[in-house]
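Written below as structure tokens is the structure these notes are about.
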Amino acid sequence: MDVDMDERQIQARFVTKLNPPFKAPPSAITIPATVTRLGLSTIVNSLLKAGDPEWETQPFDFLIDGELVRMSLDRFLLAKGISAEKTLEIEYIKAVVPRKEEEPSLHDDWVSAVDGSCSRFILTGCYDGFGRVWKGAGVCSHILEGHTDVITSVSIINPLGDVTLATASKDQTLRLWKMDSEEGVDDVPAKIRPFKILRGHSASVGSVAAQASGSMICSGSWDCRVNLWQTDVSSAEGDSVSIKKRKTKNGTEEPQLEGAPVSTLVGHTQQVSSLVWPELDTIYSASWDHTIRRWDAETGKDVSSIICGRPFNCLSVGGEGSTLVAAGGSTPILRIWDPRKPGTSAPVYQFSSHTSWISACQWHSKSWFHLLSASYDGKVMLWDLRTAWPVSVIESHEDKVLCADWWKEDCVISGGRDSKLRISSGVPVL
């Protein structure tokens, strides 16, 4: 006699790499074949609560043979050719969803750039030409004054001690700033001026990225060039520095350093939209000319290229071995390439849940699997390479999302055309 599909049962054992009190009993139990992820999460929470009456229910995700389950269990087993006759080993992990949406941090115009690489603060750039430092949601500690047009990109160069910051702008300059990150927050944010202005581009500067040592930065521009700069105050070989006087509001004069590029990388034929400097001698650049180029920073040579056929807006390098290249642009598709596989320009992953252009993407610094993307569709999506669907969708913005990053390892930060910096906290990636 045939058994109805709805009545089918499967033997399963739930395992995890999480530490107590997240470990469920290791013995096999019988579960419905048609159970979904939500049902699996309910089962695991019941097992944990049986061992701890004070257990608080929380969402979990589930892996079978290293792949996230995103359909009913019987359909997943059928799709993957896995036998339902043997005892299944199902690994559970914390679901990557924000636990809390913090109050928005308001700006006077569109939020165009954000950097969360320092756990003590967030750096934003805005269409009003000001940079801002935030110690938390709604707590602005510093305002960076000096640019005469939109800030397009920001970078925290040295997050320790006297912090060095870099900003790029449509005014064709980059500016370097020094800030004491331990300063207290008063009712009125402290206003700081740049200690050095970098001139050398002939068009809007769209991107800035720092070398890990902090001694140099690179910038990409609408003039199709990538310039390399020294960040220190003193003049270095090849870095021409001039000192000019700037009049302050009280009539006194203070010195203003100006720097020129150390070298220039030439090869792109349209706007350079995004940059990453992941290793001492390696720079990646993305452009509207449909290419991602890898440069030898020492020799200035174009080592290799990825060709996509569409303009790129954003670029991030990370994942396994910090080698995977993620990028998005004028399509709704987030693509990931593995440069370790020579002879092919085909992406190894493609994620297509967005419905408009992708404006930002960023790997999680401590995970091989997780990255985020932001889009003009108003959404920030969190991805896990072990499934083709987003593991979480953040819809806290009221308009296009222009920038996004990770912060404190468990927060997602984003800015957009609604003039807000949003912080989604409690994202359990690790």
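Backbone N, Cα and C define each Cβ position, glycine as well.
TrEMBL: automatically predicted annotations, no manual curation.
The structure displayed is predicted, hence computed values, not measured ones.
Annotated features, as they stand in TrEMBL:
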DOMAIN    10-77  domain 'NLE'
REPEAT    144-187  repeat 'WD'
REPEAT    198-230  repeat 'WD'
REPEAT    265-305  repeat 'WD'
REPEAT    351-393  repeat 'WD'
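For the repeat 'WD' (198-230), the partner stretch with the highest count of Cβ pairs under 8 angstroms, out of 144-187, 265-305, 351-393, is 265-305. Residues of the same chain lying 6 or more positions beyond the ends of the repeat 'WD' (351-393) and with a Cβ under 8 Å from any Cβ of it are 61, 63, 66-68, 70, 95-98, 313-320, 324, 326-336, 399-406, 409, 412, 414, 416, 424, 427, 429-430. Across all of the repeat 'WD' (265-305), the predicted model scores a mean pLDDT of 97. Residue counts for the repeat 'WD' (198-230) under DSSP (helix as H, G, I; strand as E, B; rest coil) come to 0 helix, 20 strand, 13 coil.
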